[in-house]
Amino acid sequence: MSAKDQVSVRDHKDYQTEVERLEFTKEYIRTVLDISKGNKEFFVENMKQSFADLNSKDSSTSYTDLLANASFLELAESELKRLESVIGKPYFSRIDYTSNSTKMEEVLYIGKVSLFDRVTQQPIIVDWRSPIANVYYDGRLGDVSYDAYGETQTGYLALKRQYEIIEGLLKEIRDIDLTTHDELLQKSLSGKADNRLTEIVATIQNEQNEVIRASLKHPIIVQGAAGSGKTTIALHRISYFLYTLGFQFPPEKLMILAPNRLFIDYISAVLPELGVNKINQTTFIDFMKSCLGQKIKLFSPNSKLMKLLEGNGKSKQLQWVSSYKGSLEFKELIHSYIKELELKLAPGEDFIVEKSILLRGKNLKKLFLNEYTYLPIYKRLNKIKALLASDLKKKKAIMLSNLNTRYEEALEKALYSRRLEPEKRKQKVVTLMEKKEQRVKRVEQEAKVAVKKYMDAFVMKDMFTLYKELMTSPEMINMHSTTLTDQECKLLSKYCQRIFDRGAYELEDLAPIFYMKTKLEGIDEKYKMRSIFIDEAQDYSYFQFAALKEGFDTDLFTIVGDLAQGIHSYRGLNSWAPILKDIFPNANYQALQKSYRTTVEIMNLANDILQLIDQDLPKVKPVIRHGQKPLFKTIDPSNLEQVRLQLEQDISSLKEEELHTIAIIGRTDKESQRIHQILKNSPLPIQLVEEKEDMKKGHIVIIPSYLSKGLEFDAVLIVCLEEPYAKVDLDIKLLYVSMTRPMHRLYLFGKSPSDFLLQHADDLHFEK
Ligand SMILES: Nc1ncnc2c1ncn2[C@@H]1O[C@H](COP(=O)(O)OP(=O)(O)OP(=O)(O)O)[C@@H](O)[C@H]1O
């Protein structure tokens, strides 16, 4: 910090008071920590005692003690950790707020945790997720309002103040009013990227705050430009969700679906920073694999993308099948198939034991098709089975007693019959007794197997078999589809047959199989998520969304994505409208057009490329932050040694400028491998990144464009050796994705500017 800065912070009229407040807060935290640590030892001691008690007398009270202490300890420990982590920066802002109802002015310090004075119960730090903190993010100075627990509170905001506190020292105080630029935002954006995403609680912008705090009881769909903070916001919304509704939803019931493992690694550090632990972070594929519970071989969706990029003769067919399998029409087809299976499985026969009808088939059918519809189909059969068993148990005794009474009566009649000769009477009695014995035996025997025999008629095939049976039969496809032509049915089944013949499935098969599972078998409770956060949602198909909604039986989805980056739009998603109309009709929708990642200069060029996409996509507005124009550099791919020198030179000078995270992006896997080939013996630490890998700290990463989606770097070098970008949507989107990755610097290396479609860009937007 310069001398000038130090003077300015000390010059602030409240400097002294603020320093004292900061010291008080730190001291308070320290005291709380000391006490809690002391307590912790006490509780550990107490637990040891409980264990000892448990061993010696297995008393239930000592077990309860043990559990009580364990949960107390856990809570204390997580709080302790959180408090410990904020001691160097206990809060980042302050609001002076007077409620209209109490007329009392409150001075509230906002931070990442909440801390109360244990004696006065007054807040020392207010959590950024608390209702009142909304005023900081949302409200201008003057009259403001916020919602708390379903009621709107109104009041007057007299002061909004930001602090920069570094290692417990107050470095800067900024009072925000209508005229002040958000300097803190500017400062945080000009910072350098780590290999990880960070939390932004101090600088959340109004439009982002609206998404984070949008009704948690409704789904939300966010169309956000590259760098608008979608991922960041989704993670902050999780934190807000747990703060607000955590008592209803244990974190294990929340799930983030990310595009790949690399991305999960990229976001992994933020969640603990936001006080979020234990939530599920996975990919759609991994989740499906574990939920469907069978080891399945899946063709990599990226190899399909690569095939589409190669654009061979099969591209059209590939695209058509993918988009059909992702469509809601296909969902209808699968649904019709399930209906057929349901009817086939509906009981029709009477349940008979030893000539007696215990339950009528038509009644069982009614139960199955009407009463039990709240259950998945196979579970309904289980219920029928249980019903038969309990009915039989009840009725068997009655049957036996009826038989008994009937034969007793007949015997009595025979014994005392005057019409019969003694010899004949004797014979009759013997016959009756034998018959009775036989019938009782039959009841016993039939009862033993009756339920099983009845249920054996129902064949409950597994989902994969059923799906294959459908998809390999053009006739069955035809029977259930209302939209496909004969030709298309044949094509679809032939395509599927080819895949199944290789013992595999493709990503597009997972949603239908999952959907069938929800309807037939039901989803295991362990996999039933209550709230789902989907990032890079533009890569999903409509069917994937519908299947997830159906399977989890919840509406609590936060869906963030960017259609402009829809490199998998061959799966069918080109607009959010069908999702809003047919899948989540009560969803909130928000568009974020402002980008926080890149400089104005980089965004100008990326916007030129964006306009080439054959879709109506609005330009992205960068937050005002300037930097160098993107730079086109000519290379000669026939002279690899020279290319190596050029790349190494530029990377070294970027590093000298303190730009630490640097990515070299190639159009495809192959192109990335070519680049790696050139650089692999370089003295620079180089890593060719693959999907399942983490990015190594301090390495220059070489990464294919599709994998770079969602990530960010200080500087990006897009290199084109043999694969120029063509003016087709998929290529344009990949180029746009790559161009929007850097925070500060963008270089384009190719034979000619046209390798990057720059002939369609404004000459003023890049340098040569
Ligand atoms: N309000 C903010 N304050 C500070 N930084 C912000 C803010 N909003 C976003 N950022 C920063 O902008 C960058 C982009 O954010 P993020 O990666 O979440 O965007 P995105 O919309 O998911 O981007 P993409 O679609 O390109 O993956 C991150 O470095 C993030 O920290």
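Every residue gets a Cβ built from N, Cα and C, even glycine.
TrEMBL: automatically predicted annotations, no manual curation.
Long-range neighbours of ALA226 (ATP binding site) (same chain, six or more residues apart, CB within less than 8 Å of its CB): ASP562, ALA564, GLN565, SER595, ARG597, THR598, ALA606, VAL620, TYR736, VAL737, THR740. Marked as ATP binding site by TrEMBL: GLY224, ALA225, ALA226, GLY227, SER228, GLY229, LYS230, THR231.
Per TrEMBL, the feature coiled coil maps to 426-453.
What TrEMBL lists as domain 'UvrD-like helicase ATP-binding' is 203-599.
Cβ proximity to the ATP site centre (mean Cβ of GLY224, ALA225, ALA226, GLY227, SER228, GLY229, LYS230, THR231, cutoff 8 Å) flags the following additional same-chain residues: THR232, VAL560, ASP562, LEU592, SER595, TYR596, ARG597.
In three-state terms derived from DSSP, GLY229 (ATP binding site) belongs to neither a helical nor a strand segment and is classed as coil. For GLY224 (ATP binding site), the Cβ neighbour count at a 10 Å cut-off comes to 26, with all displayed protein chains included. Remark: ALA225 (ATP binding site) has ASP562, ALA564, LEU592, GLN593, LYS594, SER595, VAL620, LYS621 as non-local neighbours, by Cβ distance under 8 Å and separation of at least 6 in sequence. Neighbours of GLY229 (ATP binding site), defined as other CB atoms within 10 A of its CB across all chains, total 27.
Per-residue pLDDT, averaged across the domain 'UvrD-like helicase ATP-binding' (203-599), gives 93. Counting other Cβ atoms within 10 Å of each Cβ, the binding-site residues SER228, THR231 show the lowest value at THR231.
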